[in-house]
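*Asks:* This is the structure, below, for whatever I ask next.
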């Protein structure tokens with residue numbers, strides 16, 4: 001009989017095989033649809049589909065709705081100022097969604113459902129379980145699949161007539177021009193500052209509206225950049241990037257899935273208004289702020305174009321894409337990147353801790369938040385000491401007795417091994433004669449190297 005680990009491996013293999021087969025079927029079905037469309041249009045290359053490089057070829061403009069279109073979109077066709085012409089504009093439009101996460105999934109879902117003719121999906125990442133509470137296009141069966149492919153499967157089940165191209169890569173200064181130039185509207189559904197500056201500059205250069213959304217914890221924001229004569233770009237509002245230590249993504253700060261659903265849906269709404277026209281005032285020069293704790297929306301006016309903006313002024317300094325990771329001093333992904341703040345003798349490998357120190361007398365401080373500490377603890381001896389209490393020195397009184405013993409080793413841990421280094425730095429400044437070390441890689445490393453059954457989040 002197979003052991004537990006072998007059974008888990010076989011389960012993972014079967015899930016991946018099923019996901020690969022579904023992806024292959026999806027691609028074959030789309031290829032069949034494209035061939036049928038080409039035959040219906042008399043053959044040739046005027047089908048408006050993506051070429052090998054991912055660019056959308058300009059092709060035949062659709063001038064009438066099919067019976068299926070009328071049945072499918074009837075509820076929006078009867079809207080004032082929408083009608084047949086509005087639906088045709090959607091049918092002939094192309095939209096690029098950057099990031100198939102909590103914002104990109106609802107945005108893509110509503111744009112595909114509304115009848116946008118061509119969707120481009122960009123994401124470098126794969127589906128994992130931590131996505132499901134907010135990234136509603138992905139499923140358990142598609143764990144490990146590229147997010148773009150997973151989203152395409154779901155979107156084509158929703159609307160088989162939508163043409164979709166997957167860019168399963170990280171957008172950067174080298175590929176952005178080739179990808180973005182052929183789309184009508186771009187949605188920023190990313191989760192990092194470097195990508196926001198990249199998309200902004202590219203949209204200014206190629207004269208594309210940029211529908212920008214963000215969500216963190218219980219709050220969300222939405223605006224449209226680079227739209228209209230006086231509509232500002234992202235650099236008009238934020239000419240200088242924030243310091244890296246001031247930036248928090250949803251992986252670190254958390255987010256409620258329903259909040260991303262609200263903002264992503266509103267991104268789809270603004271995109272439809274831009275494409276159709278006449279449906280109301282586009283959210284350019286204004287920012288919508290959503291507070292999920294109160295359910296309140298605020299609509300505030302933001303500054304107009306900055307006359308000396310480096311990107312969108314009459315004499316811009318930025319006429320080509322630059323190295324945005326260098327410019328922002330941070331990575332262009334929402335993945336956690338390990339800090340290196342401590343010397344090697346101030347750090348401890350999780351395996352070494354498990355083998356040599358775990359059973360010995362020591363203080364084990366867990367500097368995660370109280371909410372995170374409630375999720376899981378490394379041991380019953382772990383003491384929750386949130387990082388904020390370390391930085392404001394309030395822990396000194398709380399642990400005055402324990403800290404008097406210089407011979408008692410102090411081990412500090414966190415989720416991924418970054419906050420623990422910050423805490424150790426601060427504590428060693430206070431107690432230079434104490435043995436204070438952090439656990440390299442935190443709880444994630446513990447799961448990888450010591451106990452694969454320990455919960456990871």
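Cβ coordinates are placed from backbone N, Cα and C, and glycine is handled just like the others.
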*Asks:* Which stretch does Swiss-Prot mark as region 'Disordered', out of 19-39, 40-60?
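*Replies:* That would be 40-60, the stretch labelled region 'Disordered' in Swiss-Prot.
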*Asks:* For the ATP site that Swiss-Prot assigns to 123, 130, 131, 132, 133, 134, 147, 191, 192, which of the candidates 102, 213, 220 is also assigned?
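*Replies:* So the ATP site in Swiss-Prot includes 123, 130, 131, 132, 133, 134, 147, 191, 192 plus, from the candidates 102, 213, 220, 102.
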*Asks:* Where's the emptiest Cβ shell within 10 Å among the recorded positions 309, 414?
*Replies:* 309
*Asks:* For the recorded Zn(2+) site formed by 233, 236, 309, 312, which further same-chain residues have Cβ atoms within 8 Å of the site's Cβ center?
*Replies:* 200, 204, 225, 226, 232, 234, 235, 305, 306, 310, 311, 313
*Asks:* Long-range neighbours only, meaning 6 or more apart in sequence with Cβ under 8 Å: which ones does residue 312 (Zn(2+) binding site) have?
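*Replies:* 204, 226, 232, 233, 235, 236, 305, 306 - these are the non-local Cβ neighbours of residue 312 (Zn(2+) binding site), listed in sequence order.
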*Asks:* On the 0 to 100 pLDDT scale, where does the domain 'Rhodanese' (358-455) sit on average?
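*Replies:* A mean pLDDT of 95 is what the model gives the domain 'Rhodanese' (358-455).
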*Asks:* What are the non-local neighbours of residue 63 (phosphothreonine), defined as same-chain residues 6+ apart in sequence with CB under 8 A from its CB?
*Replies:* 88
*Asks:* Whole-number answer please: how many Å between the C-alpha atoms of residue 250 (active site, glycyl thioester intermediate) and residue 414 (active site, cysteine persulfide intermediate)?
*Replies:* 17
*Asks:* Measuring Cα to Cα, how many angstrom lie between residue 309 (Zn(2+) binding site) and residue 414 (active site, cysteine persulfide intermediate)?
*Replies:* 41
